[in-house]
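Straight from Swiss-Prot, the features:
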type: BINDING; residues: Gly35, Gly36, His37, Asp55, Phe79, Asp101, Gln108; note: S-adenosyl-L-methionine binding site
Amino acid sequence: MSEQFEHISVLLHESVDGLAIKPDGIYIDGTFGRGGHSRLILSHLGENGRLYGIDRDPQAIAEAQTIDDPRFSIIHGPFSGMAQYMEERDLIGRVDGVLLDLGVSSPQLDDAERGFSFMRDGPLDMRMDPTSGISAAEWLAEAEADDIAWVLKEFGEERFAKRIARGIVEHRENPDKKPLTRTKELAALISDVSPFRDKHKHPATRSFQAIRIYINSELDEIETALNGAVKVLAPQGRLSVISFHSLEDRMVKRFIRKNSKGPEVPAGFPLTEDQIKALGSADLKMASKAIKPSKDELGDNKRARSSVLRLAERL
């Protein structure tokens, strides 16, 4: 059994304050994790309030089951299923706030057995839900060099993607080499084939991020979850999203911007005002500028340094 690891919720108060919680409201914590955000949300709710937590990590589900509160329910599944879960509960268009804390959590990173970190030796797994899908080791044992390079470039913005992919495949095809099954083995290989050293960043940082994102379909999950949030939110309901790297943040920023605009009609196009309105209207409005951690929080938690909070309101 994995040991317990501390998790410090990033932008905790800012993200929960951004929900503008109503005591009798209905809320979703789409990334329960170890429950930091959920517990704070519950502290703001009255006896008629309701909170649904969602997570696909069995360890998160075990933690959620320690919360003995009739206002709280946990759902085991990906947050991309948010709209479906709420439809099953007849809550489409009735939710007052959705919080998403994207990416991998500190306990997942710190637990070597999960295989997320190049800093700790463990099985090369990287699955958010270890009970489903293929592991990173299984994928790397089969994927073509071009496919590996594409993943490293697309999801890690890795400048040496082709060189690293070629190194992985050459290692795999060498009969004198053991298959890559451990995080330290992959990290060492990447270090060996990378020609450039950044004193502030391990050579494997971007590759591990990219492989993790691919294995868990993270960006597709985020896109589906954001669309699901728009569907489940009531008018004036709040969306609070914390991201940790530029790919996530760009996606969230573009989503809010896109859904804050009405239909684009070319200038001079022969439509009446009523016809334009019939095409639809904006779904969201930005509720705040991007929020970053305070100096105090950065001093207490170095993992907060890349985090960004974006808030939107349902129209």
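Keep in mind that glycine also has a Cβ here, set from the backbone N, Cα and C atoms.
Remember, predicted model here, so these are calculated numbers, not experimental data.
Shown on the structure are the features that Swiss-Prot records.
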residue: Gly35; record: S-adenosyl-L-methionine binding site; Cβ contacts under 8 Å, 6 or more apart: Gly53, Ala60, Glu63, Ala64, Ile67
residue: His37; record: S-adenosyl-L-methionine binding site; Cβ contacts under 8 Å, 6 or more apart: Ser9, Leu12, Ser15, Val16, Asp29, Thr31, Leu99, Asp101
residue: Asp55; record: S-adenosyl-L-methionine binding site; Cβ contacts under 8 Å, 6 or more apart: Thr31, Phe32, Gly33, Ile61, Ala64, Ile74, Ile75, His76, Phe79
residue: Gln108; record: S-adenosyl-L-methionine binding site; Cβ contacts under 8 Å, 6 or more apart: Asp57, Arg114, Phe116, Met128
Out of Gly36, Phe79, Asp101, which of these binding-site residues shows the lowest number of other CB atoms within 10 Å of its CB? Gly36
Mapped onto three states, the DSSP assignment of Asp55 (S-adenosyl-L-methionine binding site) reads strand
Where the record says Gly35, Gly36, His37, Asp55, Phe79, Asp101, Gln108 bind S-adenosyl-L-methionine, what is the longest distance in Å from one Cα to another among those residues? 17
